[in-house]
Amino acid sequence: MSTNRTFTMIKPDAVENGHIGGILEKISSAGFKIVAMKYTQLSTRDAEAFYAVHSERPFFGELVEFMTRGPIVAAILEKDNAVEDFRALIGATNPAEAAEGTIRKLFATSIGENAVHGSDSDENAAIEGAFHFSGREIF
Ligand code: GDP
Ligand code: MG
């Protein structure tokens, strides 16, 4: 994956609350092109592997429980400076601290149930995209 791509998930809370359309509209309006997308659900093993970097954190069990409780939308997005610009678009991890107009400010519930994931580096964007999509699912 090239450095103009990032990986996102619309998390179970946002799906449950009916925000798939609203979030995709924000993503599209901000100039991101969807190059891969699927509606899916993480197994416990998937979520533990995806968030392995957080396995020692006190909230890890809660995070895995949350991320597996219902379907998600996974997508690879393309835009110049994708990783950084997408992190700006989603806002701070804690929606209480997220800037006005950001996706987490608009759609998230709490620091745990924060509506969306966004990769934090080009390297992780490539790893996370490959976790969810095969080459022929990326356009
Ligand atoms: P992100 O990069 O902004 O998504 O944040 P992190 O990489 O720090 O954390 C990954 C995910 O773990 C967050 O998006 C939240 O869903 C969850 N998380 C982070 N901090 C907390 C916390 O203090 N409590 C709970 N329950 N979940 C958290
Ligand atoms: Mg992170």
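Note: Cβ is positioned from N, Cα and C throughout, glycine not excepted.
Feature annotation from TrEMBL assigns active site, pros-phosphohistidine intermediate to HIS117. Non-local neighbourhood of HIS117 (active site, pros-phosphohistidine intermediate): PHE7, THR8, MET9, LYS11, each in the same chain, at least six residues away, with C-beta under 8 Å from its C-beta.
Annotation source TrEMBL lists ATP binding site at LYS11, PHE59, ARG87, THR93, ARG104, ASN114. If you take the C-beta of THR93 (ATP binding site) and look for same-chain residues 6 or more apart in sequence within under 8 angstroms, you find ARG104, ILE111, ASN114.
The domain 'Nucleoside diphosphate kinase-like' annotation in TrEMBL covers 3-139.
Remark: secondary structure over the domain 'Nucleoside diphosphate kinase-like' (3-139) totals 64 helix, 24 strand, 49 coil, with classes taken from DSSP. Among the binding-site residues LYS11, ARG87, ARG104, ASN114, the residues whose Cβ sits under 6 Å from any atom of ligand 1 are ASN114. Taking all protein chains in view, 23 other C-beta atoms sit within 10 angstroms of the C-beta of ASN114 (ATP binding site).
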